[in-house]
Structure formats: structure tokens, C-alpha cells
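Here's the structure, in C-alpha cells; my notes come after.
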Amino acid sequence: MSQNWSSKETKSQNQPVAAGQKRTRNDEGNKVTVVLGAQWGDEGKGKVVDLLATEADIICRCQGGNNAGHTVVVDGKEYDFHLLPSGIINTKGISLIGNGVVIHLPGLFEEGDKNEKKGLKGWEKRLIVSDRAHLVFDFHQVVDGLQETERQAQEGKNIGTTKKGIGPAYSSKASRIGLRVCDLLGDFNDFSTRFKNLIHHYQSMYPSLKVDVDDQLKKLKDFAERLRPMVRDGVYYMYEALHGPPKKILVEGANAALLDIDFGTYPFVTSSNCTVGGVCTGLGIPPVNIGDVFGVSKAYTTRVGIGAFPTEQLNAVGELLQTRGHEVGVTTGRKRRCGWLDLVILKYAHMINGFTAVALTKLDILDVLDEIKVGVAYKLNGKRIPHFPANMDILHKVEVEYETFPGWKTDTSAARKWNDLPAKAQNYIRFIENHIGVPIKWVGVGKSRECMIQMF
Ligand code: GDP
Ligand code: IMO
Ligand code: MG
């Protein structure tokens, strides 16, 4: 499976560059392989990461927090990961939570302990946490809920966040009042003062916010000691990994392109960059070290939470996709909204991320349909529009132009290679590939590791 990796093994990569000498393209170091969501999340990133992580030396998260919910099925056992990289299952690899991630410490330890009970051994020894990562506190999660209530009251609709405190924690970070892992592990008196100031800041906005400060500080002090052995300077760690001996380094994107704070369906988005730029800022690595970028897309589309969804099917097709696809959120247990595949959004996600290949998951869910539609363009007032619109009023109004394919009406779940797939399914896949202009490298036909057809 080594053709999956983009680590660059050039002879000069480990040589230091002499003073005054210019670095050349040959001494850039190892490349990281990136897995990113290409739709509105839950595309099956965890499964793709798991597939690659069996060979990885380092598996990194670079953004988001425990709003993510990534499922991995190994030997019939299902694991869900929220803050821990899904690759932590690989006992030979090191997992890293980068500076761009926002960490809720109770959530992190609860997740690790829960998975340990399922058989995940020694995860704490294999986890590195960046000292620059920001912390999500319990009150950030309460504020997340209060903000949702406020949105509902003021605008008649909320975002439908996961209530994991992601927005408030990234706001604290951007307001320069947030607290980082290095602050927690430094002078605790200083940390306590800043923690109280932060609470005060939120209480001035939300007078109903109650926090038991002493209890919180006591818990945080205990967490700090459990966390301390895992904490490193992430920038230096990554630099050494990139410029040391050849290594296979994997980055697991959380959330997805259409939920990106800059490029997603704002304001119905999350609060981080879930596109490729977030890999550089969330790990402290240069763009030149980005190798393959694998986009993950379902063979149809889903969305959790509120916001425009042009190909949504509020009918029997949507219901079938929801029930057959078990489309229920891993983090919140909410039903996912379902619709046809939308190639306008996939092309847009590709423009931003520069996918080198795509993993198309859940093809098997379409097995029973008589016909299958794919959105190929948007029209406004009867005329095709050339862009994916930034304005949500426009996105709500677009009409979708569809291409219709006959269903293959055959069980694909046992297919293990391209030739095992019915011709009509092959036709569907080739159409998607040609339309977005990116090769499809994997096709998913079931939950487990083996149910991934590798095309090249
Ligand atoms: P992630 O957030 O992108 O990692 O995706 P989730 O884990 O939230 O949701 C994807 C769901 O689809 C999980 O329940 C996976 O086990 C499941 N899944 C992934 N790939 C396939 C596939 O090819 N076929 C089927 N039937 N299920 C899949
Ligand atoms: P994975 O990594 C699906 C959605 C939420 C909400 C919006 C903002 O599993 O694909 P937030 O709590 O981040 O402030 O919520 O973003 N959302 C996701 N939807 N999969 C995810 O992650 C998501 N992460 C956030 O439902 O609409
Ligand atoms: Mg998910």
C-alpha cells in the first residue's frame, strides 16, 4: 500500500543547509499526507485515516475539537473518536494533537478511557499534545448553548452546533483572552487569575452563567498532571519529524470544507479552517511539506444542523438514504439530513484544497435505488450561475440541475475490486471523477477496513 504515501525520500533531505546556501526543492523534507472532508462532514474520514494509519509513523489532528466524530470499525468492533486522532488505533504510530485544535480535557480523557475499555491499549503513551493548543472549558460549552438559545430568540433559528464549546473557545483565542496548554502547565496562580478573568468576561455577557470556580480549578490542576507527560512543543516536534529520517505522516482533517469558517456556508459553519490551509496553521508546517491531499466524499450528501443544502431530498429518497445509511450524528445523535451528491460543492472543495485524489464512500447505500441523481450545476432565475455562491440567500434560492443515472440494483457490499462492481456503478463513479477532474482512489462499500476498493 506504499503507493498511498507521498513522503518524499530524496537523498539530500536530511542534510542541513549551509549558511548562505539556498534550500532547494530537494531538501524540503518529508511530506505529510492529508485527509479532508469535502462536503458537510461525516464523509467517512475516520475510515480513510484508519486505512492509511496502519502504515503511518505519526497521525495528527490540526483543527477542530470534539465536535468531530470519526468512526473506525476494526475486527467488527466500532470505535468513535472525537479529539483523539483515529489513527491512535495503530499501536506502532504516534498521535499528535496540534496547536490548531481546541481541547476539552475532560472530553479527551473520557474518550481515551472509554476506548481503552474497548481494547485500545496504551494510548496515553502514544499521544503528543501541542503546548500551543487552546483549551475548551466546561463554561465554553455552557456558553455555546446560551448562544444557540440567543440566536433562536433573536433570529428564529440557531446554527445547530454540537454544543461542545468550539465557537466560544475559538472566540476566546481570537480575542486574545484564551488559555493554552502551556498556560495550564506553567504558573498555576497565574493560570487561575486568567481563568477567573475569562469567566468574568463571559459572565458580563451572560449574567446567568454560573461557574464553580474552585471546583473547576481543582479539576484542571489534576488534568494538568495527567497531561504533562504528553505535552511537547509541536512546532519543533513536527520540524524534526519532517527533516529527520523518512517518515509517513498523516493529517486527519476534522469537520469539512463546507463547514470551514472562511469557505463554508457561513454563518452555518464551525469556527476553524477545515480546508488545507488549516493543516499549515494548525501544525506549524510550511505548505511545501504538504504532499497528497485526499478528499473524502460520500456517494450522496448529508448535513447535520441548520443551513442551506441545495440537493437535500425531503422525500422518500432522503428517508431511504437516512435509514439505509444509518445517518445519525456520532457526536450528537441527531438525524443527518440527506440528499443527492452535489458536484458543485465537490468542485468548489477541490478548488480550495487541491485534492490529489478522492475517496468516495458509502456507494453501497445507493444499491437499492431505481435511479440516482447527481447535482451538476446551480441555476438562479432559470440561468446557470458560474460560482458556488457566498451569499446564503442565493444558495437557498438556487435550483439544481441534475444528471440522472439508472440504479444498478445489485448488492455491492462484497465487491473488493473495480471489476466486482456492476457496470452501472462504474459508470456513476467515472462520471463523478470526470466531472470534478480528480481521480477516485478508493470506493467504499461497507463500514469495515476491507470494504474499500482501491483503484490505483
Ligand atoms: P467522519 O466524521 O468523516 O469520520 O465520518 P463518520 O464516522 O461521522 O460517519 C461516517 C459513517 O459511515 C460511519 O458510521 C462509518 O462507519 C460509515 N461508513 C464509512 N464508509 C462507509 C461505506 O463505504 N459504506 C457504509 N455502509 N458505511 C460507511
Ligand atoms: P466530522 O469531523 C458534521 C456542524 C454542526 C453545526 C456546525 C457548527 O465528524 O465530520 P460546532 O459545534 O462546530 O460549532 O457546530 O458544524 N459540524 C459537523 N457536522 N460533522 C462534523 O465533524 C461536524 N463538526 C461540526 O453540526 O451545524
Ligand atoms: Mg463524523
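Don't overthink the numbers, they just go from 1 along the chain as shown.
Cβ atoms here come from the backbone N, Cα and C positions, even for glycine.
Here the structure is a predicted model, which means the values were calculated and not measured.
When TrEMBL records Val330, Thr331, Thr332, Gly333, Arg334, Lys335, Arg336 as binding substrate, the matching candidate from Asp42, Asp50 it lists for that site is Asp42.
For ligand 1, the nearby recorded positions are Asp42, Lys47, Val330; that is, of Asp42, Lys47, Val330, Thr331, Gly333, these have a C-beta under 6 Å from one of its atoms.
When secondary structure is read from DSSP and collapsed to three states, His70 (active site, proton donor) falls in the strand class. Non-local contacts of Lys47 (GTP binding site) by the CB criterion (under 8 A, 6+ apart in sequence, same chain) comprise Thr71, Val72, Val73, Thr361, Gly444, Lys447, Arg449, Met452. Report note: the substrate site is defined by Asp42, Val330, Thr331, Thr332, Gly333, Arg334, Lys335, Arg336, and the residues of the same chain whose CB lies within 8 Å of the CB centroid of those residues, excluding them, are Gly69, Val304, Glu327, Val328, Gly329. Gly69 (Mg(2+) binding site) has a Cβ environment of 19 other Cβ atoms inside 10 Å.
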